[in-house]
Every structure is written in C-alpha cells, then in structure tokens.
Amino acid sequence: MSMTVEIRVPNLDCEGCASKLRKTLLKLKGVEEVEVEMETQKVTARGYRLEEKKVLKAVRRAGKAAELWPYRLGNSHFASFYKYPSYVTNHYYSDAHRTDPTGGVHTFFHTPADYSVAVAGDEIAASMFSDDNPHACTIM
C-alpha cells in the first residue's frame, strides 16, 4: 500500500537544505520518492507503509522544524476559499431572463481578521535592526 506524507518545513531556503532533507528521508525504511518544493516550503515523501511521526522525527533530526501539511484540501493553498450553491447567494445584478454562467456555484475568498489589518508598526520595523534585540536581523 503506497502512502504519501506531506510536511511543511518553514525556512527551507537553499538547495543544500533541500538535498540534505531529501537524503535523510530516502534513508528511511519504505521511502521510495521524496519531492521538495522550496517555494511552498513543502516536502512530500511517498513510499510503502510510511508513518507520519517517523517522517517528522527524521526531518527534525536533520535540524529543521517540521509540521504536517496544514492544507488538507488537495494541494490547494486557499484554505479560506468557499463555494456556495447559487440558491444560497444573492443575485444583486442578475436579470431573470439570463442563464447562470457560473453553473450554479459562486465563489469568494474570506480574508481572516488577522490579515485584514496591517500588523507591523514603525516600532517593530525599527527594532528589527537594533543592537539591543537578540533576535534581530544579522544582515547589518
């Protein structure tokens, strides 16, 4: 029975980190294929009788933080994307004689309250490069 385990690995920045994770996961028993998508920070392991906990533990042993892939609706990254049937939605500008071009399904994006307001203020941006902040950016 072939299984797929999808993991989110934040801060997956360079090709060296990706190859290190690929080699680490290919050493696990049962892993046949490892796919690393750096732009989405996603690692997919496919194989025979894979256990999510063992794959997570192997990634963490390689020195990376890891969690199970939080977007369970296929490979869609739009977790806040909703579809409603046409009888639920309001037709503000529709004419009664026209047919519904959407096929009866209306979609929209729901923006969570956390992202609808600017989060970073001037103080936070200024303290990113401060010498007093131990977690500051090391570019300077």
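Quick reminder: no glycine exception, Cβ is built from N, Cα and C everywhere.
Swiss-Prot annotations:
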| type | residues | note |
| --- | --- | --- |
| DOMAIN | 3-67 | domain 'HMA' |
| BINDING | C14, C17 | metal cation binding site |
| LIPID | C137 | S-farnesyl cysteine |
| MOD_RES | C137 | cysteine methyl ester |
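Residues belonging to the domain 'HMA' (3-67) score a mean pLDDT of 91 in the model. Of all the binding-site residues listed here (C14, C17), the one with the fewest other CB atoms within 10 A of its own CB is C14.
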